[in-house]
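**Student:** OK, TrEMBL features for this one:
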type: TRANSMEM; residues: 7-29; note: transmembrane segment
type: TRANSMEM; residues: 187-205; note: transmembrane segment
type: DOMAIN; residues: 206-259; note: domain 'HAMP'
type: DOMAIN; residues: 278-514; note: domain 'Methyl-accepting transducer'
Amino acid sequence: MHMRKTVTWQLGTIIIGIIITMLLITSVATYKTAYDKLYEAAGIEAYGCANITTGLIAPEDIESILSGDRKAMNKVGLQLNWTTEHKSIFETQYIVDFDGKLLALDDHLRKKGFEPGDSFYIDQEAIDMLVEMGHPTYSEIYEYDGMDRLSGYAPIYLNNEIVAVSVIDFDASIVADRTWGVVKDGILISLIPMILASIVTIILIRRKTKPISALITQAKEIADGNLSVENTHNKSNDEIGDLARTLNLMAANLKHMIGTLKTTSDQLTRNSFETAESLNEMKVSVQQVSSNMGEVASSISDGTMNAEQSTYILDELASLIQTAKQKADTSVDNSKKTIATAEEGRSRVDDISRDMNKIRTSSIETGQTIQQLNESTAKINRIAGTIAGIAGQTNLLALNASIEAARAGDHGKGFAVVAEEVRKLAEQSNEEVLQVEKLVKDITGNIQHVVVSMNESTNLVEEGNKTVQFTSQSLTDILTAVSNTAEEISEVSTLTNEEAAKSDRIVELITHLAESIREIEVTTVNVSAAAQQTSSAIEEVADRSTEMSKVARELNEIVGQFNV
């Protein structure tokens, strides 16, 4: 370490600087005081000599030089030479008026080229004070004609009135030389105790600051990361002792803190690494969830469309079921009408049977018309055959209606065809029955003509009676079949009503399901967006965790620089 950087050097420099400054201040004050005193003494001496020499000049000579007498001026000038010849410290002597015009001057001033009547520098302020106060004075030091001058002024009286001024110039450099000569020895002698005080001060400071060097060494070791450096022992109760104990305590605290920090940084590094890995896995999972939710949203959207399409189809199905119900109700009404017509036909067949019995009793009277009756009977037979065929077809349709009624719960369409066929057959039966009625009327009319020949046609009447009975039985069978068909159609109508109600309920449920699916779709989209935001947040946290891991590694590197 360079000397100029030590505390000893700095404190020594400060103290020695203070001592030197005090010495300089004292020396300057001493010099200034001595200078002022010598300056004052020189001025007094100058104007004292000038005042004395005024007594050597005759008043008439004064009066002559004031009037411009050259001879008197030269005479007075020779008298002024006496002063400079006997006082070597005086530079020159001369007499001036109040405006600075030379009235008489010695040879020293003449050698410099001045003559009576020339202007010369005067301290006008001093001259004014002299005139006002009426006693001698001296000027400030001034520079004129290449020399620092100090002038002593003495009044010259004529008839008790100041008429001119006697001036003696003093070389002002003599004041400084004499002042230095007076104070030089004192200043040089005062340097000795200053030097001794400086040496003693440096020694004392060195003794006091030596423990600081040990503290600096310890602090440097700590700064370099060596916390295992030995403590500095200082039992003094001053600031240095406090500093040593504080530094030792600081080293112990740093050692404990660095140990804790190292453990914490290691744990932080591991935790940051594990957190980063977990966040990366979570990020992948959230992205997968977001992707899956997108697919779910797409599927739900398709499901919504399918539900809406199903609702439309079920609406059409409900409409078809309602139509089938209406047609079934119509078929029931038609079946009831068919039953009523069949019953009416059977009643009329019974009447015919009774009439045939009457014909049989009056067959003798209707013999002449038996042939016509036979023909009518033949027609009746054909009609009965037709009715029998209708009855068979009706039975077949009834069977088909039963089968279609069983299927009505799924489709509800087939029964309408069967019901229509039943209606047509019923109408055909009605037409045939009408024809039978017409034939019966014809037979009745013919019977009136065949009463005579009734006996011959008795057998034929018997056969006709049997045919009528067969027709009655056929009508009864038709009535039974149509009744059964009507009951089954009624059951189909009831089932159709139930299916219509169920289809309406299904439409309502599917509509509600479609609304729920739409809500799920919106929620799914929101969840997907939230998952994307979560993924972004997780990515940001992962980046921060990575930065934290980097900071932990840097902290580990810093902590690793310390030797605990």
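Easy rule for this one: first residue shown is 1, then count along the chain.
Cβ coordinates are placed from backbone N, Cα and C, and glycine is handled just like the others.
Predicted automatically and left uncurated, TrEMBL annotations should be read as such.
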**Student:** What parts of the chain pack near the transmembrane segment (7-29), using Cβ distances under 8 Å and only residues at least 6 beyond its ends?
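**Tutor:** Same-chain contacts beyond the flanks: 183, 187, 190-191, 194, 197-198, 201-202, 205-206, 209, 212.
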**Student:** Treating G and I as helix alongside H, and B as strand alongside E, what does DSSP give for the domain 'HAMP' (206-259) in helix, strand and coil?
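**Tutor:** When I sort the residues of the domain 'HAMP' (206-259) into the three classes, I find 39 helix, 1 strand, 14 coil.
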**Student:** When the pLDDT values for the domain 'Methyl-accepting transducer' (278-514) are averaged, what is the result?
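**Tutor:** A mean pLDDT of 68 is what the model gives the domain 'Methyl-accepting transducer' (278-514).
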